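Trainee: Sharing a structure here in structure tokens format.
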Amino acid sequence: MVGASSSWSRALVQISPYTFAAIGIAIAIGVSVLGAAWGIYITGSSLIGASIKAPRITSKNLISVIFCEAVAIYGVIVAIILQTKLESVPASQIYEPESLRAGYAIFASGIIVGFANLVCGLCVGIIGSSCALSDAQNSSLFVKILVIEIFGSALGLFGVIVGIIMSAQATWPSKI
């Protein structure tokens, strides 16, 4: 069992930090867009169904779809920020601890942002769905549920903040 763990640690150290960074950036944008799409799917299907009973809700409940779309924008913004953290490093320094730490920091930041936005997209989608359904029944509930939806959308911002803080650790070795 000891040999297996050392082979895993050896494998992780021998993978290029640029590979980890690229995967982190891809996860940040890809999973964020997945969360947004899932939220739009949940909200949109309920909105269309509820608008059969009360057609007046269609235009004002589009705000829920916009909140879901903001989740994808969070992922795009963080992916751009993470992309700017990449720097060229000489081949002799690519496996230095500082390079590995930078690659792992960008990777971890991308995972945090991507999955926080996935959960945020689901949260906003479910709340948007219930907002559309309850607005069709009682129009006085729209603003009350919209406030809850804003709090759900803040989850994605928390993920973005944590991702930016984590990516601050990504410093590559200086060129010699």
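Each Cβ is built from the backbone N, Cα and C atoms, and glycine gets one as well.
Curation plays no part in TrEMBL annotations; they are all automatic predictions.
Annotations per TrEMBL:
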DOMAIN    23-82  domain 'V-ATPase proteolipid subunit C-like'
DOMAIN    107-166  domain 'V-ATPase proteolipid subunit C-like'
TRANSMEM  20-41  transmembrane segment
TRANSMEM  62-82  transmembrane segment
TRANSMEM  102-129  transmembrane segment
TRANSMEM  141-166  transmembrane segment
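Any idea what these are sitting next to in the structure?
Mentor: A mean pLDDT of 93 is what the model gives for the domain 'V-ATPase proteolipid subunit C-like' (23-82).
Residues 65, 67-72, 74-76, 78-79, 82-83, 85-86, 102-104, 106-111, 113-115, 117-126, 128, 156, 163, 170 of the same chain, all 6+ positions outside the transmembrane segment (20-41), place their C-beta atoms under 8 angstroms from a C-beta of that stretch.
A Cβ distance under 8 Å defines the sequence-distant neighbours of the transmembrane segment (62-82), meaning residues of its chain 6+ beyond its ends; these are 21, 24-25, 28-33, 35-37, 39-40, 43-44, 47, 106, 109-110, 113-114, 117, 120-121, 124-125, 127-129, 131-132, 146, 149-150, 152-153, 156-157, 159-160, 163-164, 167, 170.
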Trainee: Summarise the domain 'V-ATPase proteolipid subunit C-like' (23-82) by DSSP state, stating how many residues are helix, strand and coil.
Mentor: 56 helix, 0 strand, 4 coil
Trainee: Kindly report the helix/strand/coil residue split of the domain 'V-ATPase proteolipid subunit C-like' (107-166) according to DSSP, in that order.
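Mentor: Residue counts in helix, strand and coil order: 59 helix, 0 strand, 1 coil.
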